Amino acid sequence: VRATEKFAPIYFFCHPLQSAETDVAERANKRPIWIMGHMVNANYQIDEFVNLGANSIETDVSFDSSANPEYTYHGVPCDCRRWCKKWEYFNNFLKALRKATTPGDSKYHEKLVLVVFDLKTGSLYDNQAYDAGKKLAKNLLQHYWNNGNNGGRAYIVLSIPNLAHYKLITGFKETLKTEGHPELMEKVGYDFSGNDNIDQVANAYKKAGVTGHVWQSDGITNCVASFIRGLDRAKKAVKNRDSSNGYINKVYYWTVDKYATTREAFDIGVDGIMTNYPDVIANVLNESAYKGKFRLATYDDNPWETFKN
């Protein structure tokens with residue numbers, strides 16, 4: 001080597017790996033949040049709400065007199081500043097939902113990972129609950145899960161308003177088993193949405209043989225100021241979730257459209273917020289007080305896994 005030549009310095013860069021490890025650690029320490037678009041009952045609203053920031057939607061399901069799921073329809077009254085009468089035939093909605101949650105489809109939304117079916121079983125007799133669950137399972141199996149052949153991938157929550165209708169869960173579960181697809185129950189969770197006493201809800205799950213995959217809702221229509229209802233029951237649900245012997249895995253609060261109420265809900269540690277304005281919730285998630293503690297849930301987040309305060 002001539003004296004005039006110099007060796008080029010060699011640098012070892014570890015930053016990408018360190019950065020990835022840091023990202024994983026930070027992600028693990030942040031509570032995953034489901035922004036739940038409320039009352040998504042027309043096919044076109046799937047795109048609308050996801051584009052506004054929702055990673056989850058809630059859809060109303062009405063039943064006919066024979067306990068067949070018939071329409072995605074809410075009807076009047078509903079939340080203030082919303083049109084209550086948008087609807088679709090249930091099976092047609094399921095097909096649109098399948099396209100929106102199947103990778104590779106032209107209508108696919110990677111962000112849409114959870115669907116809450118608000119089951120309007122109030123029109124049914126208590127002894128029809130099992131049949132409603134059975135027929136709901138058959139419809140989902142055919143039109144959403146595509147009979148187990150590359151169907152929609154979203155997680156599903158069956159939200160039931162009446163504790164007396166716990167046999168809907170039994171009918172749903174037993175039908176998937178009979179039809180040869182018990183593995184799909186891994187994608188299914190539960191919610192009793194009637195704002196009942198937490199202990200009474202626990203008893204209904206016991207009757208239904210449910211020991212996991214539980215979301216607990218709490219809330220009131222946006223037509224009533226949130227401070228009138230308050231967050232007392234939601235706090236009890238969070239306390240149950242965080243206890244060593246609680247039955248709740250996730251807690252969501254509804255219907256939240258205001259920035260102040262969103263912050264209050266995040267402050268007590270909810271996992272999901274149902275809203276008519278997903279962009280409001282997304283904006284709060286990005287505020288400096290919250291972006292270090294919370295993040296938008298993705299498909300990699302198990303919605304049946306408990307994240308305690």
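For all residues, glycine too, the Cβ spot is worked out from N, Cα and C.
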- Message: Tell me which of C78, C80 Swiss-Prot records as disulfide-bonded to C223.
- Response: C80
- Message: If I go by Swiss-Prot, which of D118, D126, D131, D191 binds Mg(2+) at the same site as E58, D60?
- Response: D118
- Swiss-Prot pairs C78 with one of C14, C84 in a disulfide bond, so which one is it? C84
- Take the C-alpha atoms of E58 (Mg(2+) binding site) and C223 (disulfide bond) and report the distance between them in angstrom, rounded. 18
- Note on the structure: Quick tally, other C-beta within 10 angstroms, E58, D60, D118; top of the binding-site residues is E58
- Note on the structure: Note on Mg(2+): the CB centroid of E58, D60, D118 has further same-chain residues inside 8 Å, namely H38, M39, V40, N41, T59, V61, H74, V116, F117, L119, K120, S159
- Item | D118 (Mg(2+) binding site) versus C80 (disulfide bond) - Cα distance in angstrom | 18
- Note on the structure: Counting across all protein chains, other CB atoms within 10 angstroms of the CB of H38 (active site) number 27
- Message: For a quick check of understanding: among the disulfide-bonded residues C78, C223, which residue's Cβ has the most other Cβ atoms within 10 Å?
- Response: C78
- Given the disulfide-bonded residues C80, C84, which one's Cβ is surrounded by the fewest other Cβ atoms within 10 Å? C80
